[in-house]
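*Asks:* This is the structure I want to talk about, given as structure tokens.
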């Protein structure tokens, strides 16, 4: 079991890392002379693509991810989680070949769209595969590790691109783009030795294979293991719930009973994009060029934000359940609004207009020096430090917690140790709600990736004001509409939304949900939770042995 657990952990790291690799592969390269000269569009040599074209290049990956995320569920359900991830890895390799061999901008965009297909599939299916196969006591940690791996992928790829920036000509961007395929190859080969998801096997009535996987992963090879018997029983109960809820469609999400939850889940993902984090992830080199940095100093200073992103994600994985969702989101949006407005003020008051762009970079038409430059750099770092432990992880944790309704009794209780990662008995409604929310993330990722370069070129520092206003708006929205879900039993979350004492279709006002306690919901789960806790403790002891 230790070996299998280690393999699953490595797959979590690699699967998440692919998305991170793609993000920083652009941010470190778009300011390099090799890229700017090769993909030059204007009459002035080595000034690169136009701002709108650069936005299209960057956003093309998100466009592919949006389409693939909508289709990934069908692929996964038809062919299995394992094969879906392996297909994603192959698509990534194919995309990297096209990107690294790009002869023109059109070829580069096509390659990035293909890479986006992989990201859309893997970002959706790797967490599902992990949550369905990993030991329950480690499931939340592994899902969190997959998200943390994204930040590591960003950091590693940025330094690879930085090292290649000293090369002359197209090799400066072709080599790092080609090296991106290595983790995908490892992911493909690694998946070959791992079993298929037992829950997917069960959904296809392949019960003998399902049991063999459980014996291998959870039973130390012991077919008489009580852990295996318990998991096998729960999978049967889960599958019965799934089959009884197949009549649910996407339209159910927009009925009066669920529309409030649907809009909260969707806007959690939308607001995470409108924070302006894309400015820092994709276009940090533009920002630091405006701060007067050039050459290797520009890239090294830009890389510090990726180190901060990795380090500051750790507190969220440790303390997010203790602090809660609402305080985390509110603190993050307030802090980010502060740093954005400060940067706008500094660039607006102390910036000197550079009509042709600093060092020929059209997106950097304002430059600051001295103390103002240090302020811009410091606020950029503080912005990332505010996003990483707040909206970054919570935007993925929060939506699945909102639609927690089970279709028919008996209701298998959610493990106490996993209340914030309760994927134990998902129903069709929750899957559709989460897919719908995730599609909003990719749609706005595409829009902002395209918007930011022309915005920097045309309205310069006012771009920061736009994102600052978004952060203020999301603070107000979260305070009045986003309830606290951390640590609440499944039935209580549902009762909270349907509380008759609150506004119709809204339930308990969001600012009153921290200490919300529903006696009947707690009693409904009481006996089951008590028994589950006892079983969990026994299971943990079994696993340690």
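Glycine is treated like the rest: Cβ placed from N, Cα and C.
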*Asks:* With TrEMBL as the source, which of 43-64, 109-130 is set down as transmembrane segment?
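*Replies:* Per TrEMBL, the stretch marked transmembrane segment is 109-130.
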*Asks:* Please find, within the list 288-307, 308-327, 328-347, 348-367, the residue stretch that TrEMBL describes as transmembrane segment.
*Replies:* 328-347
*Asks:* Could you tell me the mean pLDDT the prediction assigns to the domain 'Major facilitator superfamily (MFS) profile' (8-486)?
*Replies:* 82
